[in-house]
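Colleague: My questions will all concern the structure given below.
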Amino acid sequence: MDFAKLMSAQIEKSKSSTPPGDSSNKKYLKRSEVEAQRQAAYLAEQKKAEEERLARAEKKRKLEEEEQERELERQEKKRRLAEQSRKLREEEEQAAERERRKRLGLPELPPKDNQGEKEETPLPDGEQDIPDEELLEKLRALDEPARLFGETHRQRLKRYKRLTGQSAAAKMYEGPIPTTLELVPGGQMLVPGTLPKDAEGKQFLARQLGSYFNMVLREWEIALAQRPEEVQTSFQGKQAYNAMLQAKENLRPLFRKLEKNEVEDSVLEAVVEIVKAAQDRRYVDANDGYLRLSIGKAAWPIGVTMVGIHERSAREKLHESDKATAHIMSDETTRKYLQSIKRSFSSLPTQESYFTYDDPEKAGNAEQSPVDHDIHFRPGIGADGSDTYMPRAVIYDLKGAFGSMRKINALYEPEDVGDVALWPGSTITHRAPTIPPGAYQQALDSGLQPPALTKETVRYWSDYSRVYYHPKSLVQLHEYELQSQLMPFQDWSVGEDLFADLDREHDLLDRDLRPFVEECDQLQGLQVMSSVDDAWGGFAGRYVERLRDEFGKLSVWVWGLEEEEKKARDQKLRQITNHALTLHALAPTSSAYIPLASVPRPSPSLKSTYLDESCDPSSRWHTSALQAAAIESATLPSRMRGGAARASLAQMEAVFNNGGNRRIVEARMSVAEADGLAKALEEKVEKQRDAATTNKGTGLKETYDQLDDDDDERGAFDYDLSRLGPEGQMMQQQGRRGGAGKRVALFGRSEALRGAWEALEDLEAQNRRARDRFSGARLVQRHGVEAPLFPLLDSYPRVFTCGKKEGGMAVRTSLETSSRVSERLRAMGGLVGRLVGVDQREELANGLKTLAEEYEEGWDSGLEDSEDDDE
């Protein structure tokens, strides 16, 4: 390849591509000429770009002008439509005003002046116009601005009339809710018993209601303002204040309707009934009137969450004209002011205190109750912002077991459940027959002296309940019905499956228990009471298991309630099986499992009994009274405010557990006349004083053996409430010796004494000796108080012959662990092993055997037998 030829060809090509100059004959171009040509080409390119830019800007401007014109057209169209809508609305308002004036007999509405100020309100009849110049002079004479920005002549005239008090407009009366209703003095606020028929009477009634509601709201506001600052700034204090503000706001529509006389007679008659009852201080009747007005005798529209697929909807019943139908709650405005009426009235009465002791700061030398009621009762805020005091309890029961007890009581009202989750289709409501309250409950609600209860009048446990429960405390299990023959709630597995299903769907602890637990500052423990010989045993077993997983080392006491009714052999064997399965499930997870028989067994050494002959073992009212005396007295030390009688649940556990793993505890009880005990104690103290003087002279001292014998004598209780295993096995173990003549070993005992059973000094000395490990004494702790005695209320059956004069009886209870439990568990295991299936037999037998072994260690049975032989 010739490199020189390639270079020459490339140079020629470059020369040929050079733009020609002015003269085609020029072989060479100057640099200035090349630069001038380049600059000319650049300027031409810039000019062309500028022209294109100006063309685009012009096009954009034209588009914007067209869009602006279209926007102006749209605005003009909107203005015309708005003007038409305004005119149409004014015509409708004028038509409604003419209709109202015609109905009330007022003068006709004067025609509107279309030539001047179209949007101004016409002057009322009887008012004369004032020329503008004269009006300006009069305003200046009053040292008021003559003109305000944007003010029209009629607005200026109304301002002048208002300043001079010459306005014909309605006068507003000051109050929590300003109203045009002329307020009446306090003595004239008493409403009549019936609704007036004439217009003048209804007008005066509206003035009475407006005055009374304003007075109630003012007193409510003053009462909230007088609370301590720490209460006002607390969450509950702010919640109560917000409830008052909400009630005030919700009552405004009622005032507007009263001013216009637009309240329906059916609603006004019920409101008068409620106000009349409140003015007479019959607050229960006022609450019942509110419930009749809001709920009626038909399906309640609030809280309905189940619908059907039938043709006719239950909502149609809400709009029927029958007075007994709950139709008014479908209107949101009516519902709100009716609830606000109820809330405002609930703030008037001072809530009945469940514990009527005086405040030491207000009553001078009045003594405070030794029992701390805040442990078992919780203070709260009702739906109306008032203070409440209710049990810390969660009660599960079957459908129909609550009897006449309502979840909605005088202190709380139902939550407003909206219609969001409701199916829009047709519905039909099936209602079970309402259980009427007994005469006792009716008397309590009316504030009257209740009649005496009998076995025949008590149908459900709610018939003798004297307290209100929080709505969250009552949990009805709709899956099973009380005493159902189709789906009996008897087998242990049924209760276990029921808890599993409910807990999987709702998480029962978070839904039911946690709100109460989170209110406690220093939680001692939880107490569970459940029957153990039916399906409730399986439910309680899984419930306590969840409690243990959730709360760890917290004290959980389980009171296992047992029946002793005479039943068929197969039913009796089923109960024993259920009891064994419940015991096997609860003993490892609970801190203390305390079985309680429905009828206590008297001690063989008992010479005289205070158990009344009328006590009927078949009456749940009677048997629950016996169990209540034991439970309430045994746990009394955990509720004391302080002192030697105070002992927490954990401290009592440490006594009867005594360093082991003994969680099955026996309960025993004695009752006596308080006066008789006091006299016997005085005689005993006198004898001890004489004996001490004699021993001092002879140098004799009490030995530990003598003290242990005293403990044995004190440990002889009248009634044994524990029941484990077959009845035959229990009959062999009465007393201090077992069926084979073995001496019963006591591991630990925690006693609670109500009344003068022992001198307080002796109790302290005995407790000190029991805590001394080198003394060789048994671990027995006694917590005694002379007051309060066990109260015998009018709802308590007369199952005991003592305590009628003093209004209370002396009770002595014992929670103890002994070797007697071992033999009972072995007897139960031997019987149940033949009743359960093969898949449960081995696990159940081994579990009961392991529990029994805990009550055999720590004492030498052979030594006890040898001591008995020496005796």
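In case you wondered, yes, glycine gets a Cβ from its N, Cα and C as well.
Those TrEMBL annotations? Automatic predictions, nothing curated.
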Colleague: TrEMBL lists region 'Disordered' for one of the ranges 316-335, 356-375; which is that range?
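Modeller: Region 'Disordered', as annotated by TrEMBL, spans 356-375.
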Colleague: For the compositional bias 'Basic and acidic residues' (45-64), could you work out the same-chain residues 6 or more beyond its ends whose Cβ comes under 8 Å from its Cβ atoms?
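Modeller: Cβ under 8 Å, 6 or more out: none.
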Colleague: So, by DSSP, how many helix, strand and coil residues make up the compositional bias 'Basic and acidic residues' (71-99)?
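Modeller: Here the numbers are 29 helix, 0 strand, 0 coil.
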Colleague: Across the whole of the domain 'Prp18' (211-346), what does the mean pLDDT come to? Round it, please.
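Modeller: Across the domain 'Prp18' (211-346), the average pLDDT comes out at 71.
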